[in-house]
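Undergrad: Once you've had a glance at the structure underneath, I'll fire off some questions.
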């Protein structure tokens, strides 16, 4: 058989006398190859088996396939005489140091043949007495052994063969062969016994002659630099058995290409009877991929083994250090323990000697004292000294003389410390011990530890006294800031609020009263301060008595609606204000000044009598000096009359009762006097102190008498004011005029208001641009008790705000900013409390499903807007409510339309109109604008719209009853109940209620009603019919059917 790499030499020759081999099966496996220092490598092993078909014709004995191990044995042209008997590796001498090469893996997987001069042949053992070698077991060869190395340049062989006795080198321990990329090596016969080797050497006698001059044969290719590696340190040799080494030598001697086992010559090719073929491209690629994968795996295994070895070395070094440290600590502890025992023993001996009165005990020699404690690892701590107590005792008794009767006087000499011994540390830190470099830990005594524990225990049980702090509280403060000022936890403050029924967060704002309660509850003192210090000296400064002069009285006319208040004022002023009022009712508060018959001026304030204008009446009562209570003689005391009495009592002003409309035939003044007694108003005619007068506004009866009573009451009050000071007053009404801007009706109470003064009213300030009196005339100044319209405010102040004149704009700006900030904080505090209180939380849950009617309200004056908002809020119920999106003074603008469009609200204008641009935008967006000049109409329309949002009331109308006699199952219709109408009638489409055993099991509608086979509209009592219900089939005999209609009834507020 022959094999060639050239395509032209692919020839097959078959000899009849040779055996024909089949395809060799291959078995693959993996073995772990170990190396010194804990390194290992995974090697892939392929096991190739040969199965002979016929007996051999070459005379060789039957051989079994035995793969050889991976290490390649060294070959230096062994003679055939030495091949059967392999020398014992243990008896062979090692390679000289000159031929040793470090055990470094070659850079490339190719083997080089060592030159003969670099490998001197040492003396080999006698071939006659080879050691008995056991039969080598088949060992899987690694893949490195199956790959032949790449061809190398031929190495010149020795000129003459070496004799068998001296040329056989000692077989060193094989080293791992490098991985190479060549075709696998054929299986070699395993050396089984010396007898078989001898027969093989006889058969191949002349083969060594041909093996010499052919260095490129299989044996020469496999002869790598193994002698150099074999000469390395023994720790790097793999632990293999003698049988494996013999097998390796046998493979190199007989199995290599061109070797002795091949034939007489490497160049001569004789037919062997085995058919070979060249490898295909797919097989070459597969083998190349397998070899590349093996190299990659080998590289990964090498890196992994290196990392594991490094980690193992570090771990072993760390363990060694830990063991050494533990042994050192144990030795030091033993030395210290022995030292203490020795010191204790000496102290006891010294104490016994003193008690017995004998001689001092001789000091132990240093060697004896240190002998039990001297160790190789702890020599320094072995030097022990007496304990501190014994040393002090010896020092005290050194100079003491013991005199006993019958005993010579002696001076007790304490034992001298051993030379080089160091005194034991007494737990005290000195400069010597601190700088001596001793590493002994300075321990604390048990007594010191107990004292520390008692001290700590005493601090724990000590009752800390609570500190009382002075807490400065502003008008509003957050919970966090309050807790910080009290040095308390915020959680404790929140707990106190929860006890009071308020759910609050630590960032919520609370008012000063709540903060004061919390601070006092926690044991602190409170000092209330406010930012209102900026307003000090602004109002209520005391005037000098000499500067006071009489001023006109301010009279407020109050009473029920339609009792003639404005008519009475018109009769006094000789004017006709009633004719210009919408609906004949007063909806604004008016201020006028007239001259009495005696020449003294009197200021009148006309208030609305409608129930919606309660706030106006309250403001009028606050700024007035006298209240004129107008009561119609034909109508009696009404609710607003009683309310006016209450306002006057709250303001503390006197009341003059004016019984109006006495000219009517049904007038009953005496009934008015008796009815006022129910409200604790007792007139003079009934023995009281309240002045009364019967008047008629239309007939102008007793008007002068009324004015005289007003002058008398003012004289009794002794009304005075200082006109030569900064003006103070009250805003009675405020509005936003299109041409004049913000306009405020101010009643000057003290001082004199002049044009150009800097005034502050509420959250707005400005320069007085103009002063207009009640007759429309422009005035340069206004004295006490004079009502004027003031122009020049930066915005519309609210009705009821106090007005004062300040010196500079900076002061005015500071005051207004403080008031604005205060208003925001108070609103936030109210909102936070509203969110947190339990009652408001329940109210929010109750109003969760309530429908809302959004509104945008614009009015002519501030008082009218307040009245409209208050009236609409009274219409709210649990089901529907009017939600005021925005309420303001002035005409309807584009911003109002945009706000209404975003909220889906209706715009209501009270005595105002919309601008042209606002009307165009409202038409474009589809926003409804409604105008009103009478508050009755506005309230009625809103009430009707809110009533439409209420769910209607459902009322049932019973029609009749029927009883099911039988249930029929119709294929296309379903189940149909055959019924008899017991009373009333049954209508198709009506509501039905199915009752079974007095329990309602279904409510629905009657979908089908038939009389025989005809569809009918209704069936009266006593007749039978068929019924079918919508989406219900579970009908049973003897069920009762109630038929009824449902009517919806609209609701109203």
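Every residue gets a Cβ built from N, Cα and C, even glycine.
Remember, predicted model here, so these are calculated numbers, not experimental data.
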Undergrad: Please identify the range among 656-659, 660-663, 664-667 that Swiss-Prot labels region 'G4'.
TA: 660-663
Undergrad: So which range, 584-588, 589-593, 594-598, 599-603, gets flagged region 'G2' in Swiss-Prot?
TA: 584-588
Undergrad: What are the non-local neighbours of residue 662 (GTP binding site), defined as same-chain residues 6+ apart in sequence with CB under 8 A from its CB?
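TA: Those within reach of residue 662 (GTP binding site), by Cβ under 8 Å and sequence separation of 6 or more, are 633, 669, 694, 695, 696, 701.
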Undergrad: When DSSP states are folded down to helix, strand and coil, where does residue 559 (GTP binding site) land?
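TA: It is in a strand.
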Undergrad: Taking DSSP three-state, what's residue 565 (GTP binding site) in: helix, strand or coil?
TA: helix
Undergrad: On the 0 to 100 scale, where does the mean pLDDT of the region 'G2' (584-588) fall?
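TA: Looking only at the region 'G2' (584-588), pLDDT averages out to 59.
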Undergrad: Helix, strand, coil: count each for the residues of the region 'G4' (660-663), based on DSSP.
TA: 0 helix, 1 strand, 3 coil
